[in-house]
Amino acid sequence: MALLVMVRHGQSIWNLENRFTGWTDVPLTEKGRAEARACGELIYCVPFAVAFTSKLTRAQDTLRLILEAADQPDVPVIEDQALNERHYGELQGLNKAETAAKYGEETVRQWRRSLEGRPPGGESLKDTALRSLRYFYEKIVPELEAGKNVLVSAHGNTIRAILMELDHLSPEQVEKVEIEYCVPVAFEHQADGTFSQVLMPRCDIIRPPQPPARSIARL
């Protein structure tokens, strides 16, 4: 049995400014960096064998800060574009509220939340799921099958797509899924290849509790 832990990056500058980010490479805010460090402290007792992230700085920096805070800075890291955020096409860089005013709230909601809604020149969630799930099964699952704990630092829609698969969510259900900044989402990978979601932290399933230190009486 191995543990898969997925984490959305911390708050970025464009998240703070309420802009569509997509594949635009923007840095974390100071709050986002603090969120990543806090996440690392939360999951410090899970010994990771390998970590995966996207080609975008905000996810890479989040992963680095998590591993440093978890005192596991030497965990091997694999970067791949398949884990990038959903591409928002012509919406990238635009303010979300202004975009809703221009195109209509329901249209923008469909673009953002539905499975098949596709913004102009961009990807739908279904498109994102096709690339991210292909990579997940080809590269990440084999590590879990080998009994290795895996950490993934990625993006809201990438993680939403993987959750849709692992939790068997309907298109209606996935519209309601919200992925918070730096809140770990964990799944146990079972010997039969199935996944079951677990609460974090679950250090007891990874490492047995240490016995209390014995006091040494003075002679």
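Here the Cβ of each residue, glycine as well, is placed from N, Cα and C on the backbone.
Swiss-Prot lists His9 with the feature active site, tele-phosphohistidine intermediate. All chains included, 32 other C-beta atoms sit within 10 angstroms of the C-beta of His9 (active site, tele-phosphohistidine intermediate). Under DSSP, His9 (active site, tele-phosphohistidine intermediate) is assigned to coil, being neither helix nor strand in the three-state scheme.
Here Swiss-Prot flags Glu85 as active site, proton donor/acceptor. Within the same chain, residues at least six positions away from Glu85 (active site, proton donor/acceptor) with a Cβ under 8 Å of its Cβ are Thr21, Gly22, Trp23, Ser54, Leu56, Ala154, His155, Gly156, Asn157, Thr158.
Residues or ranges marked as substrate binding site in Swiss-Prot: 8-15, 21-22, Arg58, 85-88, Lys96, 112-113, 156-157.
Secondary structure at His155 (site 'Transition state stabilizer'), taken from DSSP and collapsed to helix, strand or coil, is coil. Among the features that Swiss-Prot reports, site 'Transition state stabilizer' is placed at His155.
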Residues satisfying Cβ distance under 8 Å from Gln11 (substrate binding site), sequence separation of at least 6: Leu28, Thr29, Lys31, Gly32, Glu35, Tyr181
The one of Arg8, Arg86, Lys96, His155 whose CB sees the fewest other CB atoms within 10 Å, among these recorded positions: Lys96
Count of other CB atoms lying within 10 Å of the CB belonging to Gly22 (substrate binding site): 21
Residue pair His9 (active site, tele-phosphohistidine intermediate), Lys96 (substrate binding site) - Cα distance, angstrom, rounded: 19
